[in-house]
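I have placed the structure first, in the form of structure tokens, so that the comments after it can refer back to it.
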Amino acid sequence: MTEEERLLSAASQEAEASIEKSLRPQFLAQYIGQDKVKQELTIYIEAAKNRNEALDHTLLYGPPGLGKTTMAMVIANEMNVNIRTTSGPAIERAGDLVAILNELEPGDVLFIDEIHRLPRVVEEMLYSAMEDFYIDIMVGQGTTAHPVHFPLPPFTLVGATTRAGMLSAPLRDRFGIISHMEYYQEQDLKEIVLRSADIFQTEIFEEGAFEIARRSRGTPRIANRLLKRVRDFAQVQSDGKIDRAIADKALTLLQVDHQGLDYVDQKLLKTMIDLYGGGPVGLSTLSVNIGEETETVEDMYEPYLIQKGFIKRTPRGRIATPFAYAHFGYDYLEGRKN
């Protein structure tokens, strides 16, 4: 199974792009959750507007699906400026970056998603652009080559990354604002589901929204995806209204349990417990047993299971925790004996 095929994937899926756009809040007052980030940005944006300056360069980092792209667009709206969006892999050469920078107006926001994937030559050109608002490029070849100085208007670079540790120190140090996007609380996710249902013109009860929220892995993108699937179920199997019972039936049909675990998550944990006494068990052995590539297990399944406390990584392999045993109604001490 690929990341794009998985219902509980936090990665953006191409088919969802237009729907995600319709669900995005436009301003900080509409943005649900991430209170610390919002409070800080409110101050920084207001101060920059009072001084009639561009906002400091801003780095947004955290797991996928938490609203980094949306926050970049909100920043541009709050500053009342245009935004140009691109991604690290899309800027292959220094010339690509020059073309983008030359289109910016004073105060504009340049949003670079997956900024940790910028080629080194492009990243190094960004240093002077971010710090002093100019770039130097070499024109000509051989003995006729000479640098050409291009001044740039003051602008705000908003970078987004799921892997802040992969950013080089020189690039990271040039961001004046660094904000960590965290997993959402269930109450905030419930409010997001209610808001999205209203946009979809779908009638939903609070307990139905909460049932979706608590199975959404703390991630708005997953919550909205599950809402769409539950909406389909409600329209075909019921009267179109989503209450707790309908949400539970739909999500159970989709094999998403109350902790947000899907079929493969459950299979992985049960394999560790039933076949290997809870571990330790090696990653390659686990992968063979559940029929997935080792990279898929490590990148797609393990992070959430570790974050929620279902498994632990040790030098000898993976171990199922008491929480994992309890989730399936197993006795931990008895299971470890076996």
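Heads up, the Cβ atoms here are built off N, Cα and C, so glycines get one too.
Listed in Swiss-Prot:
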- L23, R24, G65, K68, T69, T70, E131, D132, F133, R174, Y184, R221: ATP binding site (BINDING)
- T69: Mg(2+) binding site (BINDING)
- R313, R318: DNA binding site (BINDING)
- 1-184: region 'Large ATPase domain (RuvB-L)' (REGION)
- 185-255: region 'Small ATPAse domain (RuvB-S)' (REGION)
- 258-338: region 'Head domain (RuvB-H)' (REGION)
Comparing local Cβ density (other Cβ atoms within 10 Å) for the binding-site residues F133, Y184 points to Y184
Rounded distance in angstrom between the Cα atoms of G65 (ATP binding site) and R313 (DNA binding site):
25
Which of the listed binding-site residues (R313, R318) has the least company, meaning the fewest other Cβ atoms within 10 Å of its Cβ?
R313
Grouping DSSP H, G, I as helix and E, B as strand, the residues of the region 'Small ATPAse domain (RuvB-S)' (185-255) number 50 helix, 2 strand, 19 coil
By a 10 Å Cβ neighbour count, the lowest-scoring of the binding-site residues L23, G65, T69, E131 is E131
Between the two most distant Cα atoms of the ATP-binding residues L23, R24, G65, K68, T69, T70, E131, D132, F133, R174, Y184, R221, the distance in Å is 37
